[in-house]
Amino acid sequence: MIDSSLPLTDIHRHLDGNIRAQTILDLGREFNIALPASTLDTLRPHVQVTSLEPDLVSFLAKLDWGVKVLASLEACRRVAYENVEDAARNGLHYVELRFSPRYMAMTHQLPVDGVVEAVIAGVREGSRDFQVDARLIGILSRTFGEAACQEELAALLAHREGITALDLAGDELGFPGALFLNHFNQARDAGWHITVHAGEAAGPESIWQAIRELGAERIGHGVKAVEDPALMDYLAEHQIGIESCLTSNVQTSTVASLAQHPLKQFLEHGVLASLNTDDPAVQGVDIIHEYTVAAPAAGLSREQIRQAQINGLTQAFLSEQEKAALIQRVAKG
């Protein structure tokens, strides 16, 4: 189902949600951190979804184990490097890795600025070693509140040349986008692209807010957009992309099943929706699974899957020259 003549992209992939079980085990041992299990096989059910039953609470608990072992900046660099290696193993030509430096820093009180620097270094090294074009998106974790997000933003802005875009993630019901207008004004002034998690827990109004008030060029998940025909028209007309994450949306109970996922409706409406993973290590899936298993289960035709692959490149935070170069590189094999 993957068109090998086209670049394969993943533009919604959390770096801090893709920490290998083996790495969690290694770092736990290195820093004497108590883990729920002492072998890889027994640890895996604690850090990776193994049940088909959607369970958001369980999902988030598994997600947290990855950052609980980040006890040094070198550990942060390592997981960033391994993220690019994983992307290469998945056959990705281009990947946008997003991360919340405060979330990564919080368990062991690491300097947030240092985390940003370590992640940038790890991704650069990985891109060089594995020949994957990898870009970084900084996340403001809105659940921490406005002041903490300003500190997080300051750490990202201190290394602005290594960051491509800004994202807002977390509790969109309790911390709506309106609280972060100033943060995103600063991001746009820095020349960054904007993507926002919206329409996942909250309704279409959250997506409208992300677009109109925060300047979102893309929306993460955005499943509730189908509830508002005017919004669907707007997304298509203004080429605002939807970063769809099929398996993740089922595992977190955002949608009831793959068959009920709105990705097919997005594509039929002309919305530039793409296929992405989200938190692959926690989910126990990769981009190949999303194309070959999840997308057909969501009702997508072969041509719609190809369109989603094209949309991933169209919506990538790259210049037109960079996109053309990527297409040429893939064509040459």
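Any Cβ shown, glycine's included, is placed from N, Cα and C.
Here Swiss-Prot flags His12, His14, His197, Asp278 as Zn(2+) binding site, drawing on sequence analysis. Secondary structure from DSSP puts His197 (Zn(2+) binding site) in a beta strand. For His197 (Zn(2+) binding site), the Cβ neighbour count at a 10 Å cut-off comes to 25, with all displayed protein chains included.
Here Swiss-Prot flags His14, Asp16, Gly170, Asp279 as substrate binding site. Asp16 (substrate binding site) carries a helical DSSP state (H, G or I). Remark: Asp16 (substrate binding site) has Gly66, Val67, Val79, Phe99, Ser100, Tyr103, Met104 as non-local neighbours, by Cβ distance under 8 Å and separation of at least 6 in sequence.
Around Glu200 (active site, proton donor), the same-chain residues six or more apart in sequence whose CB sits under 8 Å from its CB are Glu172, Gly220, His221, Gly222, Val223, Lys224, Asn249, Thr254, listed in sequence order. Annotation source Swiss-Prot lists active site, proton donor at Glu200, citing sequence analysis.
Annotation source Swiss-Prot lists site 'Important for catalytic activity' at His221, citing sequence analysis.
Take the CB of Asp279 (substrate binding site) and look out to 10 A: across all protein chains shown you find 27 other CB atoms. Least packed by the Cβ count within 10 Å, out of the binding-site residues Gly170, Asp278, is Gly170. Under a cutoff of 8 A between CB atoms, and with a sequence separation of 6+ in the same chain, the neighbours of His12 (Zn(2+) binding site) are Glu96, Arg98, Thr195, Gly220, His221, Glu243, Ser244, Cys245, Ser274, Asn276, Thr277, Asp278. His14 (Zn(2+) binding site) and Gly170 (substrate binding site) have their C-alpha atoms 13 Å apart, to the nearest angstrom.
Asp279 (substrate binding site) sits 14 Å from His197 (Zn(2+) binding site), counting Cα to Cα. Look at Gly170 (substrate binding site): DSSP puts it in coil.
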